[in-house]
Amino acid sequence: MDFFNYRQSTLYAEGVPVDQIAAEYGTPCYIYSRATLERHWLAFDQALEGRRHLICYAVKANSNLAVLNLLARLGSGFDIVSQGEMRRVLEAGGRADQIVFSGVGKREDEIVAALKVGIRCFNVEVSGELDRINRLAGELGVIAPVSFRVNPDVDAKTHPYISTGLKENKFGVDIASARDEYLRAARMPHIRVVGVDCHIGSQLTETAPFLDALDKVLELVDQLAGDGIVLEHLDLGGGLGICYRNEQPPEPGEYISAVLSRLGNRNIEIMLEPGRAIVGNAGILVTRVEYLKPTENKNFAIVDAAMNDLIRPALYSAWQDIIPVIAESGGAGERVWDVVGPVCETGDFLGKERRLGLSPGDLLAVRSSGAYGFTMSSNYNSRPRVAEVMVDGDRCHLIRQREPVEMLWAGEQILP
Ligand code: LLP
């Protein structure tokens, strides 16, 4: 559920008409709803009430400081994959000791920075990373908390580009060799083994693959306990899907109760790293129709947002709903349009074959754009990145200004 709804025929973000926001801040712009964001985070947190747990929001989904700050205020932890994400979390008021650091290619400087601020743990994904962390922790005279991200070889049944828990994927330590890695880690002087982690993919719409992965991880947890390595936490990663079109993913509560039922009486802290399920439906991308170009074969609606602003349709053929900000009554004058941007690529589309009644100047909203929208945007075609606005009840806050055009070449130098 989200807080983008029509009143009469105008789309509102919570209590504010979307056309009013577009008039004030221009288009394209991302609009987020604070109430939706908080509702989704709380759905995860409350489902784990009464159990030791930490929700570590996956920063990559949407890393705006205002988003991170609101979640930090609720008590959220954070899953990061770079030093940049770590700095954002700290800048936004997140706690270092609630940060978990995932990612297959952690550089030395990133590990050192994370050790210095005292993060909650490293999710180690490569054997060599463990040796690197041990050495760097030794040099700093600290003990590094470590968890292994294991690859359970489970089919997440999602888009191949966002499936991560199969043997052929680059992620995690093969679960078959994980025990040896734990035994090795337990003998290292500057390592403290604290947990286990797995993340099998994104936009999962069924619980079964999560539970298959959990069963394999629990088997490892029990085996390690037999070896005298008692883990403090089990992190099941992110990946819970949202409804873009007609998917019916489980609600966070449903998914979590299935997970808890598998845990039995094991006294282990549960961690999750949801990104999309928290922020995906908490955002829309608002764009204006520049031109209509009906042709013999296709009708193109050329809008001012493009693949550089929202790449999911172009990159994954992702389907996101496109709705009018001012809904026409009756649907008269509707046609089937390909909604395309101004970028010089055939793959530059936001949606294909959408039935809409359009005139130049109309505003459209691309729904479910809160996750992997702005964070994946780029300056391709020298297009400044767009404004981001957060609505809170009947108030509106600019949380990232539209990039001034000079920012496009900031840091560049011409030869003397
Ligand atoms: N934890 C780890 C280690 C991850 O790699 C990811 C996402 C998450 C948590 C959060 O997953 P979520 O709950 O958001 O599914 N750009 C793609 C999605 C890439 C996901 C990458 N990893 C998209 O737009 O669909």
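Cβ from N, Cα, C; glycine included.
Taken from TrEMBL, the feature domain 'Orn/DAP/Arg decarboxylase 2 C-terminal' covers 30-370.
The domain 'Orn/DAP/Arg decarboxylase 2 N-terminal' annotation in TrEMBL covers 35-280.
LYS60 (N6-(pyridoxal phosphate)lysine) is surrounded by 22 other CB atoms, counting those within 10 A of its CB over all protein chains shown. Residues annotated as N6-(pyridoxal phosphate)lysine in TrEMBL: LYS60.
Taking the Cβ of GLU273 (pyridoxal 5'-phosphate binding site) as reference, residues of its chain lying under 8 Å away and at least six apart in sequence are, in sequence order, CYS56, TYR57, ALA58, ASP79, VAL100, SER102, HIS199, ASP235, LEU236, GLY237, GLY238. When secondary structure is read from DSSP and collapsed to three states, GLU273 (pyridoxal 5'-phosphate binding site) falls in the coil class. Look at TrEMBL and you will find GLY239, GLU273, PRO274, GLY275, ARG276, TYR372 tagged as pyridoxal 5'-phosphate binding site.
According to TrEMBL, the feature substrate binding site maps to ARG276, ARG312, TYR316, GLU345, TYR372. Counting every protein chain shown, 25 other Cβ atoms lie within 10 Å of the Cβ of TYR372 (pyridoxal 5'-phosphate binding site).
DSSP gives CYS344 (active site, proton donor) a coil state; it is part of no helix or strand. Residues or ranges marked as active site, proton donor in TrEMBL: CYS344.
Taking GLU273, ARG276, ARG312, CYS344, GLU345 as the candidate recorded positions, the subset whose CB lies under 6 angstroms from any atom of ligand 1 consists of GLU273, ARG276, ARG312. On a Cα basis, CYS344 (active site, proton donor) lies 17 Å away from ARG312 (substrate binding site). Sequence-distant contacts of ARG276 (pyridoxal 5'-phosphate binding site), defined by Cβ-Cβ distance under 8 angstroms and a gap of at least six in the same chain, are ALA58, ALA61, SER202, GLN203, GLY238, LEU240, GLY241, ILE242, ALA371, TYR372.
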